[in-house]
Structure formats: structure tokens, C-alpha cells
């Protein structure tokens, strides 16, 4: 049986994609903590579309503060 492997997002080491891989997708606790630290230090960002770029009828473009 071939076990699927993925690359550790931190160091690139191959990680078997099985339930027994305790830190998947990371290879170790260390790599997991390095990634968490990078998020905490805001080294990763998720792009945000500014309201000015949204069409007027787009979901979330309501500026009244009400949830749609």
C-alpha cells in the first residue's frame, strides 16, 4: 500500500499523510510552533478586498452595520 506524503510547510521534509502522523501536515512539534509563531508575528497575511472595490450589490457591501 502506498502512503501519500506531503511536504512539511515549514522545512519541506516529507510527512506521511496518515492518522499516526501526530503533527501533520508538519513533521514535528518544532515546525508546528515555528508556523504558529509566524502567524502570531503577522508574517502571513490573508488578502482583503477593500469595500471600495466591491460592487454595490455584493454580499457584505452594506455599510449600515447590519449582518446580511
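Quick reminder: no glycine exception, Cβ is built from N, Cα and C everywhere.
Annotated features, as they stand in TrEMBL:
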type	residues	note
BINDING	8, 11, 27, 31	Zn(2+) binding site
REGION	47-68	region 'Disordered'
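The number of other Cβ atoms within 10 Å of the Cβ belonging to residue 27 (Zn(2+) binding site), over all protein chains shown, comes to 22. One way to see the shell of the Zn(2+) site is to take the Cβ centroid of 8, 11, 27, 31; the remaining same-chain residues with a Cβ within 8 Å of it are 9, 10, 12, 13, 15, 26, 28, 30.
Within 10 Å of its Cβ, the residue among the binding-site residues 8, 11, 31 with the fewest other Cβ atoms is 11. Mapped onto three states, the DSSP output places residue 27 (Zn(2+) binding site) in coil.
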